[in-house]
Amino acid sequence: MNSDLKYLKRALQLAAYGLGQVSPNPMVGCVLVHDETIIGEGWHQQYGGPHAEVQAVRDAIGRGNEHLLAGATAYVTLEPCSHYGKTPPCADLLVEKRLQRVVIGQGDPNPLVAGRGVARLRAAGIAVEEGLLEEEGAELNRRFFTFFGQKRPYVILKWAETADGYLAGEDGKPLPISGELSGVAVHRWRSEEDAILVGTTTARVDNPQLNVRRWAGRNPVRVVLDRRGSLPPSLHLFDGRQPTLVLGYQRSSALDKVPARYLDSTPHPIAYGRLEPGTHEHEIDQVLHQMYLRNIQSVLVEGGATILNAFLERGLWDEIRRCQSTQKRGGSIRAPLPQGTLRAHEQVQEDLWTYYRKSGA
Ligand code: AOF
Ligand code: ZN
C-alpha cells in the first residue's frame, strides 16, 4: 500500500471513534507525519470540541514533537475547515504550524467550507492532494453526506418481527419479540443517531420513552407524528426529559398541557412542527424536511407498521435493520417487506438481524 493511503486509513480509523459523539459534525481523523514517522494524531471527539487537526497538533506538542511540525505532512480524512465555527479554522492552524503537505481523504460538502479550506492551504503555498479516500469516508460519514447532499436526514428503518412475520399481537399491543442483547444493541443504535421517529399509534399504544437506558450514550431527539394533535399529554414523550419534536397538521393539544418550561426552552424543549395539508408534498417528505430544518442529520424510525411502510413506499430510506425472532406468536399487524440489498446477517442470541441498504447505495 502506498504510504499516503496507509496514513489516511489510520486517520479514518481514528475518525470512527467519534461515532455517536460528534454529530451533527462529521467524524474526522488526522495523522501528522514527519520523515515516515507519526509525530501526532487526533480525532474530533465531541460536538463543539476541538477538530481533528487541533487534537493532532496538540498531541504532537504533548509528545515534544512541535519542532517537527514545520515541513511535516498532515493526513486528514476531510478537507480542513476554513470558517470560524465553534473553533477557529483548521486550515489556518496548518498554515501557522508550517506544514509542508496536506493529504485529504475527501472534500467537505458543508457550504461554509466546500473548497475554501483547500484554497486557503494552497494560497499559503502548501501542497495539497485531495480525494484519496472518498468511498470509505463517504461510508463512515454517510449521515453527514446525505444531509448535505440530499437535504434530508439519513433514514434507518428498524423493526422486530415474530417468526411468522408479525409486529404486534392480536390486540395491537406490542409483542415481546427481541431478546436481551438485541435490546442493548437497539439502545446503542439510538445513541448513534440524532433522532428517533415513531408514528401516532406506536406513541399511544407502546408509550415509549425513546431514550438511551441500556447503553452509555447520548439521547436522541424524539420525533413523533401526531397528525391530528390527539396524543394524550400523559405520554412519556411529553415528559420534558429529552428534546422532542411533535409533527402534525394540527398543533397537539397535549402541548397546551405540557409545563411551559418544556416548550421551546432549553435544555429539553418540546417543539411543534407544522405539516401543511393539501400541499403537493408527500407527508414523508414534509416529515423529513421538518427534521432537516432543525439540523437533524439522521433518524432511526422505530415504527409502527404504518410509518415504516410509508417510508418504504416513498423510497425515502437508506438502511433497514430487521430483527426476526425464532418464535411464532400470531398477531394482527404484519411486518413490512424489506427491500434493498442484503448486506449482512447477525445472530444475536435467539434473534436473527438482517441489514439492508437501499439498492445502488
Ligand atoms: C475539520 N476538522 O475535525 C471537523 C470538521 O461548529 P464547528 O466549528 O465545530 O464546525 C463544524 C463544521 O466543521 C462541520 O459542519 C464540518 O463542515 C467541519 N468539520 N472540520 O476541519 C474536523 N469535524
Ligand atoms: Zn476544523
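Cβ coordinates are placed from backbone N, Cα and C, and glycine is handled just like the others.
Among the features that TrEMBL reports, domain 'CMP/dCMP-type deaminase' is placed at 2-129.
Here TrEMBL flags HIS51, CYS81, CYS90 as Zn(2+) binding site. For the recorded site, CYS90 (Zn(2+) binding site), the DSSP three-state label reads helix.
Under the three-state DSSP scheme, GLU53 (active site, proton donor) falls in the helix class. Annotation comment: TrEMBL describes GLU53 as active site, proton donor.
Under the heading NADP(+) binding site, TrEMBL lists ALA160, THR202, GLY304, ALA305, THR306, ILE307, LEU308, ASN309, ALA310. DSSP gives GLY304 (NADP(+) binding site) a coil state; it is part of no helix or strand. Listed in sequence order, LEU167, ALA168, VAL198, GLY199, THR201, THR202, VAL205, ILE333 are the same-chain residues at least 6 apart in sequence whose CB falls under 8 Å from the CB of GLY304 (NADP(+) binding site).
The Cβ of LEU210 (substrate binding site) lies under 8 Å from the Cβ of ARG190, ILE196, VAL198, PRO220, ARG222, HIS236, LEU237, GLN242, GLU302, each of these being in the same chain and 6 or more residues away along the sequence. The substrate binding site annotation in TrEMBL covers ARG190, ASP206, LEU210, ARG213, GLU302.
Each residue contributes its Cα atom, and for LEU308 (NADP(+) binding site) and HIS51 (Zn(2+) binding site) those atoms are 36 Å apart. Set side by side, the binding-site residues CYS81, CYS90, LEU308, ALA310 differ in how many other CB atoms lie within 10 angstroms of their CB, and the most is found at CYS90. For HIS51 (Zn(2+) binding site), the nearest neighbour among the listed binding-site residues (ASP206, THR306, ALA310), judged by C-alpha distance, is ALA310. In sequence order, VAL28, ALA52, GLU53, VAL54, PRO80, THR87, PRO89, ALA91, LEU93, GLY117 are the same-chain residues whose CB sits within 8 A of the CB centroid of HIS51, CYS81, CYS90, the residues recorded for Zn(2+) being left out.
Counting other Cβ atoms within 10 Å of each Cβ, the binding-site residues HIS51, ARG190, ARG213 show the lowest value at ARG213. Regional average pLDDT for the domain 'CMP/dCMP-type deaminase' (2-129) in the model is 96.
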